[in-house]
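See below for the structure under consideration.
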Amino acid sequence: MTTPAAENVAQTTFADLKLAPKIQENIANKGYKTPSPIQARAIPAILEGNDLLAAAQTGTGKTAAFVLPLIDQLTTLPKPKPNACYSLIVTPTRELAAQIYDNICTYGNQTGVYANVVYGGVKINPQMKSLRGGTHILVATPGRLLDLYRQNAIHFNDIKTLVLDEADRMLDMGFLRDIREILRLMPKERQNLLFSATFSGDIRTLAKSLLNAPVEIDIAPRNTTAETVEQWIYPVDKRRKAALLTHLIKTENWHQAIVFCRTKHGANKLATLLNKANITAAAIHGNKSQAQRIRALKEFKQGKIQILVATDIAARGIDIPLLPHVANFDLPHVSEDYVHRIGRTGRAEANGQAVSLVCADEHEQLTGIERLLQRHLERRIVKGFEPEEPLANSIDKSRLKPHKPKKPKSSKSHGGQDSNRSGSGGKRHNDRRSAGSQKSASQKAGNQKSGGQKSGNQSSGNRKPANSSSSRSANGNTAAPKSGAQNPWNKS
């Protein structure tokens, strides 16, 4: 099934989408008038009760594309039963879960729709308590969701819509087993939404087995980067990377930037070096407690911290509006992670810069990234930092070949251990961030495991109505049902 033609989508306004008046008012209060392409095509399909398979890059408004119609559908339903929910959104990390929850609170303000978020790394008892009264929408990470189910804190009998957010990332992180278990527990009659950054072979296999005659939407070519992001690399010797980064931050006046490192130890070490150079920096990764992560993100957004040093676990979960700079201190082993990293800048058509510090040892990773992007990245030599070991020339453009996605090992994994395993319910500032100790599957031999570790966090478990005013980027994904599933919304 196809969605409205692109030329018609371009003329769509939020008023044309026939959302509830209060939802339209909340959208207007955010200053939005025209839906993004993914929103204009997905919202009508979801409101009609269709299953959905959608691919769109980060920063395209994916979260609002499913949050808005979910809230609209729920405004007419009765109060949920104790320990029940109507809509379930499953996401790989607590950062993403908190981001989606914030969007629900913003767009569902004064609609009577209640939302709850649960994720790992925090105490489970407050979450259990918050779920006793039932909730319209539950946002959860896989491991903690199953923990709560096994303790009878949540049941799935009344679920009408299942959303798998960042489905491709969940497969990469080894959550396939948990996803299958969650799907097995779902009622057969439900609407299923599956959003992914890409349509890999594994995603299509999952969709084929779970979705029933889905509407398919592909907003952007696979593994593309925003046109508003300027990209280049700085060839430099490995031992001089930290000095060059410090030089760039000071001379180029980077007042706010995310710097990606490959390892947690490397992130900690770099943050320490930057602070010694009188550059305020903080590291954020899976080994940090939730309180530390929340504080670092809050201070970064407030401008108290200039540089946020992150590992790949944060690449899809952090949303900083109008972030001007992203830097790769280390190139990722998995080429696709480069796209997700630099997707933190250039969001919502804003301009951004993505730079990479590349040493000779990283030539293979660089070649993989350029082949994936189907372009050569400009080299810029900084005077005084000329590499003693030159970076080898890349392959000719004529030899660039389309990149084949790697198969995740998730089908053999033990379910991607979810340090996303605990969550929180309502209080916005306590609901933050679950990082998972998850496996990043789908690597070729020689690729390393990426993933966050458990983080000890605290969180409130209070149920909260969708009446909070702060919203982040609309960016989300959803999951799918077994084939033959009927539309539950036509039966309510």
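Cβ atoms are placed via backbone N, Cα and C, with glycine included.
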Motif 'Q motif' per TrEMBL sits at which of 12-40, 331-359?
12-40
Checking distant contacts: for the domain 'DEAD-box RNA helicase Q' (12-40), what same-chain residues at least six beyond its ends satisfy Cβ-Cβ under 8 A?
4, 6, 47, 54, 56, 60-62, 64-65, 68-69, 71-72, 75, 106-111, 217, 219, 471, 474
Compute the average pLDDT of the predicted model within the domain 'Helicase C-terminal' (228-389).
90
